[in-house]
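Taken from Swiss-Prot, the feature active site, proton donor/acceptor covers CYS70, CYS194. For ASP7, SER8, TYR39, GLY40, ASN71, THR72, THR195, HIS196, the entry in Swiss-Prot reads substrate binding site.
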Amino acid sequence: MSVGIFDSGLGGLTVLDAVQTRLPDMPFAYLADSAHAPYGVRTADDIYDLTCQSVARLFDAGCNLVILACNTASAAALRRMQESWVPEDKRVLGVFVPLIEAMTERQWGDNSPPREVGVKHVALFATPATVASRAFQRELAFRAIGVDVEAQACGGVVDAIEDGDMMLAEALVRSHVEALQRKMPTPDAAILGCTHYPLMQDIFQKALGENVRVFSQANLVADSLADYLERHPGMRGTGSPVFLTTGDPARVSDRATQFLRRRIEFSAA
């Protein structure tokens, strides 16, 4: 019984790497739905159906707790899953909760009225589906007032990263940052709202400038998971790490090894 980590592709490996560093003795089962990636251009219903299929596969593998290490799935499917699909003895958590907590400097269960926070102008870089869901804006509005969020749908970046074309990914990042800056010239902070994007964090930071605080999720999610498992020790897993993909295992293994710079072997899901 491992803790499951799900992503539409390989971006969730940034979260896996951080949680393995934070929780080195914890076994994880990682599932990449590479056959259907990217999710960011799909409809909300399609994302929901695909996410449920993959999470069910992790439940079948013995996971009682699954992390959606995919902002698109977290934004478009998580709430619906939690309300009507997840079994009572299982838990599914998303990745943007820790980010909202960090930005608003308050805990998720804090239901006090919205208040002013330190940042006023926030740039959001995410997939088209995440931007369309307005999930970040909605959750920020519940907790903070006076925050202007300008969203930039970053088409093509995930495809380039999944294909290993980092030169194209870098060019696309710079283009999307320039497009955002035409709408919001001087953001206080930037959200990398896709778990693929930390692989390009240095490029985002250079393009935005050193005065912009860039929020990247991996370490925030790792700390949040460690806290959650302390409060819910029954969800801690046992067993051996496993890597599963709906795509070609050899190809996905090579890409994952390139990303993490250590050998990762995927099997067919």
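For all residues, glycine too, the Cβ spot is worked out from N, Cα and C.
Annotated features, which come from Swiss-Prot, shown on the structure.
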residue: ASP7; record: substrate binding site; DSSP (3 states): strand
residue: TYR39; record: substrate binding site; DSSP (3 states): coil
residue: CYS70; record: active site, proton donor/acceptor; DSSP (3 states): coil
residue: CYS194; record: active site, proton donor/acceptor; DSSP (3 states): coil
Substrate site span - longest C-alpha distance across ASP7, SER8, TYR39, GLY40, ASN71, THR72, THR195, HIS196, in Å:
12
Inter-residue Cα distance where the pair is ASP7 (substrate binding site) and CYS70 (active site, proton donor/acceptor), in Å:
5
Check: same-chain CB within 8 A of substrate site center, minus ASP7, SER8, TYR39, GLY40, ASN71, THR72, THR195, HIS196:
GLY9, GLY11, GLY12, ALA37, PRO38, CYS70, ALA73, THR127, THR130, VAL158, CYS194
Among ASP7, SER8, GLY40, ASN71, THR72, which are recorded as binding-site residues, the nearest neighbour of CYS194 (active site, proton donor/acceptor) by Cα:
ASN71
Take the Cβ of ASP7 (substrate binding site) and count every other Cβ within 10 Å, whichever protein chain it belongs to.
30
Looking at the active-site residues CYS70, CYS194, which one has the fewest other Cβ atoms within 10 Å of its own Cβ?
CYS194
Counting other Cβ atoms within 10 Å of each Cβ, which of the binding-site residues SER8, ASN71, THR72, THR195 scores lowest?
THR195
